[in-house]
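*Asks:* Pasting in a structure now, in structure tokens, and then I'll have a few things to ask.
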Amino acid sequence: MKKTTVINSELSTVIAGMGHMDWLSIGDAGMPVPMGTQKIDLALTKQLPSFQDVLKNVLSELAVQKIYLAEEIKTQNPEQLAAIQALLPDVEVAFVPHSQLKQDLAKTHAFVRTGEMTPFSNIILESGVTF
């Protein structure tokens with residue numbers, strides 16, 4: 001049995017297969033996922049698992065050099081923004097319109113759906129390197 005943090009087989013496979021500058025997205029329960037984008041659905045019920053719980057677990061295994069967030073998170077969910085920034089204090093942040101973030105999901109290796117039910121709790125992680 002795997003000993004590291006992420007034990008979901010689909011998610012673990014995606015993370016292991018990512019190279020430098022590849023994208024992985026994590027989002028709330030309501031985020032629409034484009035056809036053709038792999039969806040790893042972890043949602044069980046409202047807020048379970050939370051966006052933050054999933055993000056923390058993914059970050060334990062994925063090197064991240066840049067993140068993409070919806071511009072709207074600044075005013076519509078500043079608590080979530082602060083929590084994201086606390087987890088990734090030294091990572092470059094690009095803010096884009098929510099409509100653009102939704103379109104960009106088509107470029108990600110996978111979308112991880114959480115049970116999160118707060119607005120604009122969506123992120124695209126750009127993988128870095130460990131050397």
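Every residue, even glycine, has its Cβ placed from backbone N, Cα and C.
According to Swiss-Prot, the protein carries these features:
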ACT_SITE  His20  active site, proton donor
BINDING   Asp28, His98, Phe120, Ser121, Asn122  substrate binding site
*Asks:* I'd like to know which of the recorded positions His20, His98 has the most other Cβ atoms within 10 Å of its Cβ.
*Replies:* His98
*Asks:* List the Cα distance (Å, whole number) between Asp28 (substrate binding site) and His20 (active site, proton donor).
*Replies:* 25
*Asks:* When you look at Asp28, His98, Phe120, Ser121, Asn122, which the record names as binding substrate, what is the longest CA to CA distance in angstrom?
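*Replies:* The span, Cα to Cα at its widest, is 13 Å.
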*Asks:* I'm trying to understand the geometry here, so how far is the Cα atom of Phe120 (substrate binding site) from the Cα atom of His20 (active site, proton donor), in Å to the nearest whole number?
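*Replies:* Each residue's Cα considered, Phe120 (substrate binding site) and His20 (active site, proton donor) end up 26 Å apart.
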*Asks:* Taking only same-chain residues 6+ apart in sequence, whose CB is under 8 Å from that of Ser121 (substrate binding site), what do you get?
*Replies:* Gly27, Asp28, Phe51, Ile73, Asn77, Gln80, Thr114
*Asks:* Asn122 (substrate binding site) to the residue listed as 'active site, proton donor': how many Å between their Cα atoms?
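*Replies:* The Cα atom of Asn122 (substrate binding site) is 21 Å away from the Cα atom of the residue listed as 'active site, proton donor'.
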*Asks:* For Asn122 (substrate binding site), just count the other CB atoms lying within 10 A of its CB, please.
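*Replies:* Asn122 (substrate binding site) is surrounded by 26 other Cβ atoms within 10 Å.
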*Asks:* Cβ within 8 Å of the substrate site's Cβ centroid: which residues qualify beyond Asp28, His98, Phe120, Ser121, Asn122?
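*Replies:* Near the substrate site, beyond Asp28, His98, Phe120, Ser121, Asn122, sit Gly27, Met31, Ala70, Glu72, Ile73, Asn77, Gln80, Leu101, Glu116, Thr118, Pro119, Ile123.
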*Asks:* Reported as an integer number of Å, what is the Cα distance between His98 (substrate binding site) and the residue listed as 'active site, proton donor'?
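*Replies:* Rounded to the nearest whole number, the Cα-Cα distance is 24 Å.
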